[in-house]
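Visitor: Attaching a single structure in structure tokens format; questions to follow.
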């Protein structure tokens, strides 16, 4: 096994946590945006729509880069089989726990909120399966994608490690221009694959499991591998943590293009393919923007930050049904969109933190929502004096 850096990457821990927690304002603003969701306010807000689009345009790309970084770090720490087992347990167990405890009750609630409970028995077997796939995976999709990526990277990481043993990694040089060209080509390649599927057999694109396991994995895998490469090559990591005006300007222009595509694109035309190209390069440039910002402001140890780093996954898991409950039963009684948005944040975050504190005191729930076995400290075993 290769040695791993002893110094903790505090800024990456913090960025990953805040990207996770950013899902809360993202989903609450979705209620008040012009995008159609499970629940929506009576009138959409232009500014909350813009805020929602901004978060959606880059958040998960950067998240998967950090996930790839830490995954390769653990890959060097553990034997291959143990690495796969540890990684799959840490994302798979919380996902499987959240389905019966969170997304199933959420699905049942939405059936009645949207008036679809009566029509459920009339659906075909496939429609029931596909509906359950979309609704039960729901916001847990990234955990499923991480399980798939981890399995694929059993082979990919081995190939990377073997290639490194036969080459001098100190001579590897990266530039943002080269990376931009590569990710532009990856975006075009993904768009070609999607368009080909759309032409050959369009119904498969509406299949929930195909979307999560194949299409989402295919799109985010380059970012996951990029994170692993950032761990391997210090020069690449420095490239991301060094502020770049070019990346900031390019990201801003790409976001404008993203908005224009959202506004004028058509789902029956090339809107989704265009979006994949834009968000592929936008995600790359935002890695530099977010990493450099986080490296400058978040690279320190703090008890408060550590608390939210540890709590971020649980809070994210429970926030989604809380958000939908708020949107279905409380939003209609608040006339102001901005007031509703702020009340939603207080409602969801407040209850999520309370639930987090409760679950910490129940060892079984603590294990199920983290995938980590509860380890008793030696002090706990010592008899009281």
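Here the Cβ of each residue, glycine as well, is placed from N, Cα and C on the backbone.
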Visitor: For the transmembrane segment entry in Swiss-Prot, name the matching range from 17-37, 38-58.
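Guide: The range carrying the transmembrane segment annotation in Swiss-Prot is 17-37.
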Visitor: Take a look at 60-80, 173-193, 311-331 and tell me which one has the most Cβ pairs under 8 Å to the transmembrane segment (274-294).
Guide: 173-193
Visitor: In terms of Cβ proximity under 8 Å, which residues at least six beyond the ends of the transmembrane segment (212-232) contact it?
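Guide: For the transmembrane segment (212-232), the nonlocal Cβ contacts are 60-62, 64-73, 75, 133, 137, 141-142, 144-145, 148-149, 152-153, 156-157, 160, 164, 169, 179, 183, 186, 190, 193-194, 205, 240, 276, 280, 283-284, 287.
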Visitor: Where, among 17-37, 60-80, 137-157, 173-193, 239-259, do we find the most CB pairs under 8 A to the transmembrane segment (91-111)?
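Guide: Most contacts with the transmembrane segment (91-111): 137-157.
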Visitor: Taking 17-37, 60-80, 173-193, 239-259, 311-331 as candidates, which has the most Cβ pairs under 8 Å with the transmembrane segment (137-157)?
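Guide: The listed stretch sharing the most Cβ pairs with the transmembrane segment (137-157) is 60-80.
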